[in-house]
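See below for the structure under consideration.
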């Protein structure tokens with residue numbers, strides 16, 4: 001009975017030992033042959049020894065072959081049991097999450113590429129090339145020099161913040177004055193580009209680019225001021241011996257080196273610290289590969305926008321002014337190409353571009369994003385900046401957790417609205433409302449998760465409202481409001 005209970009283990013062990021012996025024997029044989037072929041000045045005794053090695057290796061190979069034949073002869077017999085235990089099918093509910101689905105994943109990729117390739121070819125045959133860059137670049141783009149000059153003047157605000165911190169470091173300014181000056185600097189870095197864009201009837205892409213730069217500068221300046229203020233408070237506490245140990249702060253000492261600020265302003269991070277993990281060298285070939293990917297995916301994103309999204313949007317009505325069923329059909333039809341564009345944009349910016357910048361600057365910490373696609377609620381994909389400078393400071397100031405989350409969503413909603421509404425010259429607060437509606441959605445998602453006791457419910461709700469319904473609806477709303485504004489301007 002013992003011999004029949006585990007014949008598979010015996011076969012596996014024999015096969016493993018046989019394969020190991022065979023590979024080692026073959027490698028020894030190859031090494032001996034190479035040694036004989038490369039040696040031309042060996043003595044006759046050495047040649048005799050090598051010939052004996054070849055003979056012995058040949059005998060060992062024959063022995064291994066005989067053992068393999070013996071295993072097949074005695075172990076794979078018709079009388080051997082084929083069913084020896086209780087096991088589940090690979091796709092059963094109890095075993096499906098214990099199996100590897102790499103093959104099915106590859107099949108999905110192949111099918112997805114095939115289907116979308118057919119749709120692209122069919123669309124081109126039916127409608128032709130619809131690519132027109134007038135919405136992104138126009139004759140106005142060449143006259144957008146005020147926006148370009150505004151972008152070049154943005155470094156003046158970090159320099160002003162550095163001067164304030166330098167004076168505070170030398171105890172020339174009290175804390176209240178430092179906070180007041182930083183408030184003026186950060187506010188100016190955001191309002192100045194907004195006023196320039198609103199006064200100039202610029203192209204959409206130029207306005208979006210300038211607003212993104214100004215928002216990044218604002219977020220970096222807030223982190224710079226907030227971090228240095230905290231470090232000053234820690235330094236004073238240490239001087240008063242209020243803090244028993246400074247070990248948590250050794251990696252981020254308080255200094256006002258200008259080179260630290262310069263590196264921070266160009267580094268792919270929004271959180272300031274005096275030093276960062278660094279890599280030793282730049283992989284030039286790797287950077288070139290990422291640039292090629294960036295060009296390809298950016299072109300693909302532009303192709304989807306011009307070939308699919310623009311025609312769908314132009315042939316639609318305002319979602320709140322037309323037929324409800326027609327509006328739902330337009331939103332669902334727009335959801336797939338919009339999702340592709342959003343994923344391409346995420347991959348191009350947060351993965352390719354930030355990794356390229358990090359490689360060129362030897363920036364070591366490249367966790368620019370986490371697995372947000374597995375998020376169970378819409379509150380999970382939160383940036384480090386928001387947690388560091390909004391959420392936890394609110395908790396430390398005795399603000400309730402729910403209100404702290406609401407404040408974080410409020411800040412995010414304001415910046416989403418600025419980046420879209422200002423370049424469009426349309427202030428209908430659609431992006432702001434879309435972000436703030438996620439707050440009650442968080443409560444609903446948690447209720448459903450507790451009721452069904454499954455995190456998959458929250459993930460499906462996240463994808464449904466975040467990508468399938470929310471973003472296409474915002475695209476339709478802003479497009480029609482923008483077209484209405486242009487129509488009124490031309491009629492004047």
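Using N, Cα and C of the backbone, Cβ positions are placed for all residues, glycine too.
Caution: TrEMBL annotation is automatic and unverified by curators.
Taken straight from TrEMBL:
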- 38-48: compositional bias 'Polar residues' (COMPBIAS)
- 52-62: compositional bias 'Basic and acidic residues' (COMPBIAS)
- 1-62: region 'Disordered' (REGION)
- 104-125: transmembrane segment (TRANSMEM)
- 145-164: transmembrane segment (TRANSMEM)
- 176-198: transmembrane segment (TRANSMEM)
- 204-222: transmembrane segment (TRANSMEM)
- 291-309: transmembrane segment (TRANSMEM)
- 339-363: transmembrane segment (TRANSMEM)
- 403-423: transmembrane segment (TRANSMEM)
- 429-448: transmembrane segment (TRANSMEM)
- 460-479: transmembrane segment (TRANSMEM)
Long-range environment of the transmembrane segment (176-198) - Cβ separation under 8 angstroms, sequence gap at least 6:
146-147, 150-151, 153-154, 157, 160-161, 164-165, 167-168, 207, 210-211, 213-215, 217-218, 221-222, 225, 229, 418, 422-423, 425
Contacting positions for the transmembrane segment (204-222) when only residues 6+ beyond its ends and CB under 8 Å are counted:
135-137, 141, 144, 147, 150-151, 154, 157-158, 161, 182, 185-186, 189-190, 192-194, 196-197, 264-265, 270, 272, 385, 389, 415, 418-420, 422-424
Residues from the same chain, set at least six apart from the ends of the transmembrane segment (429-448), whose C-beta lies under 8 A from its own
376-379, 405-406, 409-410, 412-414, 416-417, 419-421, 457-458, 461-462, 465, 470, 473-474, 477-478, 481
Residue numbers, six or more beyond the limits of the transmembrane segment (291-309), whose CB comes under 8 Å of its CB atoms:
120, 123-124, 127, 129-133, 136, 334, 337-338, 340-341, 344-345, 347-348, 352-353, 356, 475
